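One structure is given here, and the rest of the page talks about it.
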Amino acid sequence: MTKSGDVNAEGRDPANSPAPSDGGVITRLAALFFHDQRLLVLIVLLILVAGLSSMAVLPRMEDPVLEQRVAIIHTRLPGADAKRVETLVTEVIENRVRDIEEIKEIHSVSRVGISGVSIELRDDTTATENIWSRVRSRLEDSIGDLPSEASRPEFRKLEVRAYALIVGLVWDRPEPVDVRVLRRLAIELQDRLQALSGTDLVHRFGDPGEEIEVRVQPARAAAMGITPADLAERLSSFDAKGSAGQLRDGSMQMLIEINNQLDTVEQIGATPISTSDGRDVRLEQVADVRIGIPNPPETAAWLEGKDAVVLGVMVRPAQRIDHWTEIAENLIDEYRETLPAGISIERILRQSDYVNERLRSLAFNLMLGTIAVGCVIWVLMGWRSALIVTLTLPLASLMVLFGLRIFGIPIHQMSVTGLIIALGLLIDNAIVMVDEVQSRMRHGESPVEAMSHSVSHLAVPLLGSTLTTALAFAPIALMPGPAGEFVGAIAISVILAIVSSLFLAMTVIPTVAARQLARRMNSNARSPGLRLPWLTKIVESALSELIRKPWKGIAISLVLPVAGFAAFSTLEEQFFPASGRDQFHITVEGPATDSLARTQATASRVDEIVRRVGASRIDWFFGESAPQFYYNVISSRRGTPNYAQALVKLPPGIPPEPVITSLQTELSREITSSRVLVKQLEQGPPFGAPIEVRFFGPDLDVLRRFGEETRAILSRMPKVVSVKTDLADVLPQISFDIDEASAAQAGISPKEIARQLATSLEGQSGGSVLQDNEVIPIVVRVGDANRGELARIASVDLVLPNARGSGLRVTPLSAFATVGLEPEAAALPRLNRMRMNEVAAYLAAGVLPSEVQASLQAELDELIDQLPTGYSVAFGGEASKRDDAVGNLFSTVGVLAVLMLATLVLSFGSFRMAGIIALIAALSVGLGMGALALSGYPFGFMAIIGTMGLIGVAINDSIVVLAGIRANPIAMTGDVEAIRDEVMHSSRHVVATTLTTMAGFTPLILDGGGFWPPMAVSIAGGVAGATLLALVLVPSLYRWLCLHRADRRVDRRANR
């Protein structure tokens, strides 16, 4: 009984406490379901149809599609060194786009003959297409500021998704490859695939293109006073592809065109050319005309050692990849039948295989988790209650699928994993509701009374726990940037699941429970579920002692959380773990002077070594990045003949990490002329090297010196396999020192000398030819023999502009110039318009970057102190991306924490009660850290995600226990036995929800790998510890508050 003057933990007299709410609309809705079974059947039928139809139409993919926040702009300036490219091209483009406020970072690299500008948008940017349109507009404006010989800037957004299908046209004939044949066939297949419904983009790789080369015979041309530039200009004048106007009268209009267009090689060879003495000769008299691939080619591809041209096909994000792949492969099979003998089609990648494998694995985990959860409920609550509770699983899952369809989220590993995570959570409400209905019916209430009173009693606590759980996962769903887009679907699936669970727990479940459990009650069956009276007595005795002396309960409850916080300092940091996929890739980067042929020779040696490990397939791409076979291996390299990338596939059952480790060791030992990196596939958003140190400043020599010292420090670290500095590569540059006096006397300027020399060696455009809807350029240049020897270049004959018509027509370059060699930087990188030297370190497979980062920063402190004024240093790599992602994750935590606190305060009507739950939430973090430390997993981003989710999950049981105490007027006074009885009453579903939550995460833990277990361990381990907090700390704190309040009341009375 409640004695006069007793107060509860909130300082209120229980006699004046508000009566439990009648549930209002929710109670009436539940009663409607109970009395009208047709409504119940229709609702269930609606859920089934909505869920199953959504499952049939939702797109399926392996990983989420990330927003296109990065674009690359390539601009060519033939014959220019890196400094000229930087000044004349890179700075012009940077200045044009720098004031677009949504741009986060502008990273540029100026190389010989080409400028690459990478633009990255801010993480909070969503409407990217509008911003990229503005960038394109600025690029159009910059064309007038670029040199006339510069190419048009080529803008390309980087896709952060993999190709759905990668196939290659392969040369199987014994004679030397004719790449023109392969590329023509590839273009035809490309057109067919592009026309296929659902296809988004089709790109060609290993395609060097075609050109019509007008190879000038230098001696004969010089004798006639004709330069390659004269030939190019003459050819261009005959290429009349433009419109010649229109005929218009009152009733019609007609387009006018000139038919004098260059169409064939023969027509080009017959083009009349005027000599310096006024004669006309045919072009073929002074030059050889041929059609073929550029020499040297810029790119090439080998599929299993055979020359090939490769197609990468992307599907639209809304397309079901499995259905599209089946149609595409039928199309390819039909096209294969039309190929000439000796040409075959090989498939490098079929993404649907990995998608199906991943979804099958996740579906198996989902099924395993469902069975585990069902078994736990069956043991604890009996088979009849287990059937009712597990009814929530399929219904809520179907509601989640419908929700994913509404939000436009495909079925992929993140959305399905969110459903697996929610397995143990979405039945919590159902367990509590069924247990409450069953308890009330056992105490004599009728089915309808038990249902109505249960809904009325649990409406606020279950709503509060659902809202707090949803708010705990909300920062993950609201997180901006690539990391948020990657993992956000997990949180959205969880939130959809628990909201669906709440709806079912308030409507369908109590109705079914009241009807079905009534039959068992009428049959006088024994009490369901596992009963251990001896254990019950021990727990009751222990609880009575701890509640009577609350400081003991509080002290015992704090041991594990405090130990977990202490163990946090021992955890290694990580961004995202490696993927366990049966693929990896190799990059080969030689000195900047290496030609494509030399890169291919190096790749052949690498290929031989790789095949020793038993690789089932090796495909090489030269001069450019390989097709994007994995979503975060970005294809960004282009026009770099010293670069090659290989895709390596392992036989089934061979783990990639040990193969990569041993292969990297052997390649580093055997291949010393080039940088060879064996790279494991990583999960999460893309980033460059694991470790990046960036030095900024104006002087290249100073930047180079600090970069080399940093490289030396990193090279001494045993876990570092390769180190690269941007300014380390130096190109020997041929320089001609012009004797200006002699040149002026001969009537030629240094500028004219440079123009004639560049046209002779690199070539000059002479128009184009249209063949099969493809524009083939005409290039005029001297023969290879003159381009490949320094002595012949020095003796190139120059036509003197002011000497035409006189006796002196030509003179060799050596008459005006002396030749020499000078070192020049191969590449000039900049970040946000500041010159930079980036030192990038690559680590052995399985090594956490945080281990090396900590050691490096300790050793760099002294070096950083030596930086001159105007110079700075920053760290990039994994650490930078991780910090950005964590910052984005916590950007909304403050607001959501206040909303969570407000939910608790409104649910309990008390700041003190909300404070107890908030303390439970804080302590659960320590429990998660402790579980992570015991498991040996690093504290990566997925562990952070798990910890945030744990906060919402861990407090649910505490909310139920506290609500039960407050619903009992005697327990509200602080009565030990009453508090103990309420805790014991709640312990049944507290233990059940804890075990079902842990059972739901068991498949993810047993699945292995490094991606899911850290998150699953932190939540499952934290929930297990949170059970102790709910059953011991909550009643102890409530009792302590009652005693403290009573003591203060006694003190106030004594002071009166």
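Including glycine, each Cβ sits where the backbone N, Cα and C put it.
From a predicted model like this one, the values you see are computed outputs, not experimental measurements.
Under the heading region 'Disordered', TrEMBL lists 1-20.
According to TrEMBL, the feature transmembrane segment maps to 39-58 (among others). Sequence-distant contacts of the transmembrane segment (39-58) (same chain, at least 6 residues past either end, Cβ-Cβ under 8 Å): 32-33, 320, 395, 397-402, 404-405, 410-411, 507-508, 511-512.
According to TrEMBL, the transmembrane segment annotation covers 362-380 (among others).
Residues or ranges marked as transmembrane segment by TrEMBL: 387-408 (among others). Taking Cβ pairs closer than 8 Å, the transmembrane segment (387-408) reaches residues 44, 47-48, 50-52, 54-55, 57-58, 370, 373-374, 377, 381, 415, 418-419, 422-423, 426-427, 429-431, 434, 489, 492-493, 496-497, 500-501, 503-505, 508-509, 512-513, 516-517 in its own chain, all 6 or more past its ends.
According to TrEMBL, the feature transmembrane segment maps to 414-434 (among others). If you look at the transmembrane segment (414-434), the same-chain residues 6 or more away from its ends with a CB under 8 A from one of its CBs are 63-64, 359, 362-363, 365-366, 369-370, 373, 377, 381, 385, 388-393, 396-397, 400, 404, 454-455, 458, 462, 465-466, 469, 486-494, 497-498, 500-502, 504-506, 509-510, 513, 517, 949, 953, 956, 960, 989, 992-993, 996-1001, 1003-1004, 1012, 1015-1016, 1019, 1023.
As annotated by TrEMBL, transmembrane segment applies to 455-478 (among others).
Summarising the annotation, TrEMBL assigns transmembrane segment to 490-513 (among others).
Residues annotated as transmembrane segment in TrEMBL: 553-571 (among others).
Packing against the transmembrane segment (889-909) from elsewhere in the chain are residues 10, 18, 460-461, 463-464, 467-468, 471-472, 474-476, 478-480, 483-484, 917-918, 944, 948, 959, 962-963, 966: each is 6 or more residues past its ends and has a CB under 8 Å from a CB in it. Annotated transmembrane segment per TrEMBL: 889-909 (among others), in sequence order.
Summarising the annotation, TrEMBL assigns transmembrane segment to 916-935 (among others). For the transmembrane segment (916-935), the residues of the chain that approach it from at least six positions outside its boundaries are 468, 557-558, 560-565, 567-568, 570-571, 901, 904, 908, 943, 946-947, 950-951, 954-955, 958-959, 962, 1013-1014, 1017-1022, 1024-1026, 1029-1030, 1033-1034, 1037-1038, 1041, judged by C-beta separation under 8 angstroms.
Tertiary neighbourhood of the transmembrane segment (941-965): same-chain residues 421, 425, 428, 432, 460-461, 464-465, 468-473, 475-476, 483, 487, 490-491, 494, 574-577, 684, 882, 885-886, 889, 893, 904, 907-908, 913, 916-917, 920-921, 924-925, 927-929, 932, 971-972, 979, 982-983, 985-986, 989-990, 993-994, 997, 1011-1012, 1014-1019, 1022-1023, 1026-1027, 1029-1031, 1033-1035, 1038, selected by CB-CB distance under 8 Å and a gap of 6+ residues from either end. Feature annotation from TrEMBL assigns transmembrane segment to 941-965 (among others).
Residues 364-366, 368-369, 372-373, 375-377, 380-381, 417, 420-425, 427-428, 431-432, 435, 529, 539, 953, 956-957, 960-961, 964, 1012-1013, 1015-1017, 1019-1020, 1023-1024, 1026-1027, 1030-1031 of the same chain lie 6 or more positions beyond the ends of the transmembrane segment (986-1006) yet place their CB under 8 Å from a CB of it. The feature transmembrane segment is assigned by TrEMBL to 986-1006 (among others).
Within the chain carrying the transmembrane segment (1012-1038), a Cβ under 8 angstroms from the stretch's Cβ atoms is held by residues 9, 417, 421, 424, 543, 546-547, 550-554, 556-558, 560-561, 564, 577, 916, 919-920, 923-925, 927-932, 934-935, 937-940, 942-943, 945-947, 949-950, 953-955, 957-958, 960-962, 965, 974, 979-980, 982-983, 986-987, 990-991, 994, 997-998, 1001-1002, 1004-1005, all 6 or more beyond its ends. Residues or ranges marked as transmembrane segment in TrEMBL: 1012-1038 (among others).
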Long-range neighbours of the transmembrane segment (455-478), counting only residues six or more past its ends (CB under 8 A): 20-24, 26-27, 30, 425, 428-429, 432-433, 436, 484, 487-488, 490-492, 494-495, 498-499, 501-502, 505-506, 510, 889-893, 896, 899-900, 903-904, 906-908, 917, 945, 948-953, 955-956, 959-960, 963, 967
Residues from the same chain, set at least six apart from the ends of the transmembrane segment (553-571), whose C-beta lies under 8 A from its own: 546-547, 923-933, 938-939, 1025, 1028-1029, 1032-1033, 1035-1037, 1039-1040
